[in-house]
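Asker: There's a structure below that I have some questions on.
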Amino acid sequence: MMVFSDCLIFSSLIISYALGLPVVPGQTVMEPSAALPDDGDHLYTLPMFDIRPWERVSEVRLAREGYLYGPPLLGNTSFFPTGVLGDAMVARDKAAWFRDVEYVTNNVYPEWDKAAIALAKAGGIQSLSSYAVIYENQWATTLPDGVASGMLTNWTQDLLFSMERLSINPYVVRRLHPRKDRLPFAVDDRVVQHLAAGSTLEALHCDGRLFFANHSYQAPYPKTPGRWTAACTAYFFIHPRSGAFLPLAIKTNMGSDLTYTPMDETNDWLFAKMAFEMNDLFHSQLYHLANTHDVAEPVHQAALRTMSARHPVRGYLDRLMYQAYAVRPIGEEFLFNEGGFYDSSFALPNWAGKKYATDAYWEHAGHFKATNFYQDLFDRGLVDCTYGPPLTSFPFYETVAPMVEAIEEFTRAFVEAYYPDKTLMDVDNELQDWIIEATEAAKVIDFVPAPMREPEQLISVLSHMAFLAGIAHHALNGATVSEASGVLPLHPSSFNRPLPEAKGSIDSLLPWLHNETEALKQASLLVRFNRPLLDEQEGSLPYMFSGSSFLARTGAPIHDAERRFREKMWAISDEIRMRQFDERGLSQGMPFLWRSIDPRKIPYYLCV
């Protein structure tokens, strides 16, 4: 049991955090602003080498009493921490989050007003090109790099639409297996042959050139009154001659359940692409929750309850989970609350988002090993496919693979520094207790089994945690949303009228799309996900392992590994920042410049 003095200390911490009071002044933004009772400045050491082992035993005992598994938030997914220590940790993270977001919050409303004035001076939204006024020379503080180059000029191109599936949201599309997968829907073969150099739909399928994206799960969700959406499924294909990755057909699965192709009238096909993008925007924001926050948190919670803060693995995880426990409660309170930010813009109500997060978590997104960077892409036939030709360009994989490699290299040096002999893993009771706790009590899905005896297993687990926190999260969230995946008019959050009952009936797309007020509302909501001060605050990806509270407790080999990691991330960032369009008007095979994944622009932690 906790003694009275322990409880008094914990209670005072909770009050200070809840009120946002500075408990420890003078901290940088990217370091914890206050210490929890089990924090300290001891060098990291394994339990069998600790010269004060009784302190560790007492610390872990108090942790098991103070960090408890509470009910999930934002859907029925993984546990959310509670208990005396859990509540204090959440309050600390929320206070840090509000400080972190203050800069954007203070600037978003003046910039909203500025964009509104510019739009009014331009005469409002009179055509599809009018939406560009909302972005051009706007949001200079909250989105200093602006919208991705090409997104406002090339948005009608089919290649931009299809290549978004391989860059800004690569988590939906999969290759259809010629023998294991049936064709999900039919398309007129005369149309397919015209688009695919004479190949039929069946031929594309048999050749392993056919890909499928499925958002039909959105069909049963009730819609927000006065707003409409589709629940699209779509085919994409590798062209037999050019090798380009292109769209083939989009089926709405709602209303008259029309199937559109690039052979349809211009407005019909644009409408279909907008409908798909709307579904994709919904997916990206909820999938990222189920795939990153909901997976990383229980792994860390298990460590909090089984490992001393002196354990190097616990230190590694603590560094990644900076501010992590702010997101779900703040999301419940401000974003997915009844009538909150989400409800103000999207076609599906907040509870539909929570329902999808729940379904996605249990079906696949929450599975730890299956969502490994390489494994997930391999399983969907996107890399090293044995039953179809390779993708000519895969921007997500090509850009992120070197980042993952840098993470793995640092993590290998970290693990080998503390486990020079793998037999040490067998006698590390805290390590083994963590693995058991994660699977049995924290109920992490598809986690590594106990006992953990191979260093490569630990390297894989820790590297995947770093990938989830620092890369996977921001591939779908952060700057990506405001720079690309949520940019109007191609990516609306809702339609203003029901889907067309027949093709050939759209004289103008404007009646379906956001008016001036709704367009500004969507833009201002999505820029809030950006964190423009990250790099100068040393909170960006290159600084993932640079925190003084982390490095000071390690030795020279890890300091050297951290320096190499940081330099590699800077080099990757430099390469991304140098990207330009080639003589064909393409970058990485796309008619837009994808820079939102720049390591200098994305946090190393789960910030939104």
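Quick reminder: no glycine exception, Cβ is built from N, Cα and C everywhere.
Per Swiss-Prot, the features are:
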BINDING   HIS288, HIS293, HIS473, ASN477, VAL608  Mn(2+) binding site
DOMAIN    29-608  domain 'Lipoxygenase'
CARBOHYD  ASN76  N-linked glycosylation site
CARBOHYD  ASN154  N-linked glycosylation site
CARBOHYD  ASN214  N-linked glycosylation site
CARBOHYD  ASN515  N-linked glycosylation site
SIGNAL    1-20  signal peptide
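Each of the listed features needs to be described in terms of its position in the shown structure.
Answerer: In three-state terms derived from DSSP, HIS288 (Mn(2+) binding site) belongs to a helical segment.
A C-beta separation below 8 Å, combined with a sequence spacing of at least six in one chain, links ASN76 (N-linked glycosylation site) to THR358. In the three-state DSSP classification, ASN76 (N-linked glycosylation site) falls within coil.
Annotation for ASN154 (N-linked glycosylation site): same-chain Cβ neighbours under 8 Å, separated by at least 6 residues, are LEU160, GLY585, PRO591, PHE592. A coil conformation is recorded for ASN154 (N-linked glycosylation site) in the three-state DSSP classification, outside any helix or strand.
DSSP assigns ASN214 (N-linked glycosylation site) to a strand segment in the three-state reduction.
Every protein chain shown contributes to the tally, and the Cβ of ASN515 (N-linked glycosylation site) ends up with 13 other Cβ atoms within 10 Å. DSSP assigns ASN515 (N-linked glycosylation site) to coil in the three-state reduction, outside any helix or strand.
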Asker: With an 8 Å cut-off on Cβ distance to the HIS288, HIS293, HIS473, ASN477, VAL608 Cβ center, who else from the chain surrounds the Mn(2+) site?
Answerer: LEU289, THR292, VAL327, HIS474, LEU476, GLY478, LEU606, CYS607
Asker: Which of the binding-site residues HIS288, ASN477, VAL608 has its Cα nearest to the Cα of ASN214 (N-linked glycosylation site)?
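Answerer: That would be HIS288, the closest of HIS288, ASN477, VAL608 to ASN214 (N-linked glycosylation site).
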Asker: Of ASN214, ASN477, which of the recorded positions has the most Cβ neighbours inside 10 Å?
Answerer: ASN477
